[in-house]
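The active site, nucleophile annotation in Swiss-Prot covers Ser219, and the record cites similarity to another entry as its basis. According to Swiss-Prot, the active site, proton donor/acceptor annotation covers His353. Annotated substrate binding site per Swiss-Prot: Lys223, Gln265, Glu273, Trp317, in sequence order. Per Swiss-Prot, the feature disulfide bond maps to Cys31-Cys65, Cys218-Cys354, Cys250-Cys326; the stated evidence is similarity to another entry. Per Swiss-Prot, motif 'GXSYXG catalytic site motif' is recorded for 217-222, and the stated evidence type is similarity to another entry. The signal peptide feature in Swiss-Prot is assigned to 1-19.
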Amino acid sequence: MASSSRFAALLLLALPALALPPSQVVPRAACATPSTVPGYNNDRLPDPFLFDDGTAVTSSADWDCRRSQIAAVVQGYEAGYLPPQPPIVSATFSSSDGTGTLTVTAGLSSDNTISFSEPITYPSGTAPAAGWPLVIAYDVLSIPVPDGIAVMVYNNDDIAQENDLSSRGVGLFYDLYGTDATASAMTAWVWGVSRIIDALETTPAANINTAKIAVTGCSRDGKGALMAGAFEPRVALTIPQESGSGGDTCWRLSKYEQDSGDVVQQATEIVTENVWFSTNFDNYVNNLSVLPYDHHELAAMVAPRPLLSYENTEYEWLSPLSAYGCMSAAHTVYEALGIPDYHGFVQVGNHSHCYFPDTLDDSLYAFFDRFLLDEDDVSTDYFTTNYQFNGTVWNASYWINWTTPQLD
């Protein structure tokens, strides 16, 4: 089955790119945002400081437009269409003994609605005047959270199922938008996070400061958390943990690792495993050079908001060189914006997958303290790796072959 899927993908490469209809490109800025870039071909990491037409990004206002372009092509090639807020969004809230339940109803019409409920665990004590900061954890909380921050465990599988390829089109999102919606499971999860924030903004009883929301998750849920931070601008802090292929690694770099003899997950395999990407991505996994973006630009979409990624070199499958190289490339955007300490990356080994060793607490708590708890005197200058890349050589000047501008 996997071989036939790859053969079909090779045939489909001869077809024109499957662009989203103009009405289905999310409008995010007053600039051209095509969902495909015909004729693009680049074996190295694409320059994030070039617009689709090849002109240079020279200001922070330009970056806003460039971010919108990246959002459009990520949807067009791999993620599928992310719908905007539907016309119906409402919420109810109940609480008891330090916990609460937020029930969100979203719909396209009065006879086409869905509802889902998410639990919130609150800190002890008196809430700040603006409400509690909140961490939204995909599926399960796998990192420590300091005192003074509420936690919601997001049941993202209810929104879009992800058991295997048979999960395509299964979940509440598809009950609303149809089983033929192009959105991948991860895109549907982003939509769910956005509806949760919509609901919290109009539910004062929940007592959440919606300007101080973080998202996190590990492994497949780390991929989802990065997507949420990239596409939902109301997320104040994004913390993907060991997201590996399809997360904070780059497709081109993971292929380079595989070609170097490393046993890593890369694009041709991941599309046969689950429904994290749209079916359209199958058309490109054997010809990655035609992608006018890579995941350094997905991560850079979070900018200028803070991003903290954790990776684990204990697991070759997670593409350790790809993660470091990809986030190094994303880091150039934060440098260009004059906020390099808004982007953290910590890569260590010697621990189990999704286990969070206490040696990482300092970096994590620094980002929480500074960006959710408003402690201004905290340093968030963390960008480190142990360079355990299984003997594969990282050549920064080859892969990151652009000059980082200063964006005023």
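Backbone N, Cα and C define each Cβ position, glycine as well.
Taking the features listed in Swiss-Prot, we show where each one sits on the structure.
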residue	record	CB count, 10 Å
Cys31	disulfide bond	17
Ser219	active site, nucleophile	21
Lys223	substrate binding site	29
Cys250	disulfide bond	30
Gln265	substrate binding site	20
Glu273	substrate binding site	16
Trp317	substrate binding site	14
Cys326	disulfide bond	31
His353	active site, proton donor/acceptor	15
Cys354	disulfide bond	17
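In terms of local Cβ density within 10 Å, Cys218 ranks first among the disulfide-bonded residues Cys65, Cys218. For the pair Gln265 (substrate binding site) and Cys31 (disulfide bond), the Cα-Cα distance reads 35 Å.
Within 10 Å of Cys218 (disulfide bond), counting CA to CA, the recorded positions Glu273, Trp317, His353 contribute His353. Within 8 Å of the Cβ centroid of the substrate site, not counting the listed residues Lys223, Gln265, Glu273, Trp317, the chain contributes Arg220, Gly244, Ser245, Gly246, Glu269, Ile270, Leu318. Each residue in the motif 'GXSYXG catalytic site motif' (217-222) gets a DSSP state, and the totals come to 3 helix, 2 strand, 1 coil.
When the alpha carbons of Cys250 (disulfide bond) and Lys223 (substrate binding site) are compared, the span between them is 12 angstrom. When the Cα of Cys65 (disulfide bond) is compared against those of the recorded positions Lys223, Trp317, His353, the shortest separation belongs to Lys223. Taking only the Cα positions, the spacing between Cys31 (disulfide bond) and Cys354 (disulfide bond) is 40 angstrom. Taking every pair among Lys223, Gln265, Glu273, Trp317, the residues recorded as binding substrate, the greatest CA to CA distance is 15 Å.
Following the DSSP three-state reduction, the secondary structure of Gln265 (substrate binding site) is coil. You'll find the Cα of Cys326 (disulfide bond) roughly 14 Å from the Cα of Lys223 (substrate binding site).
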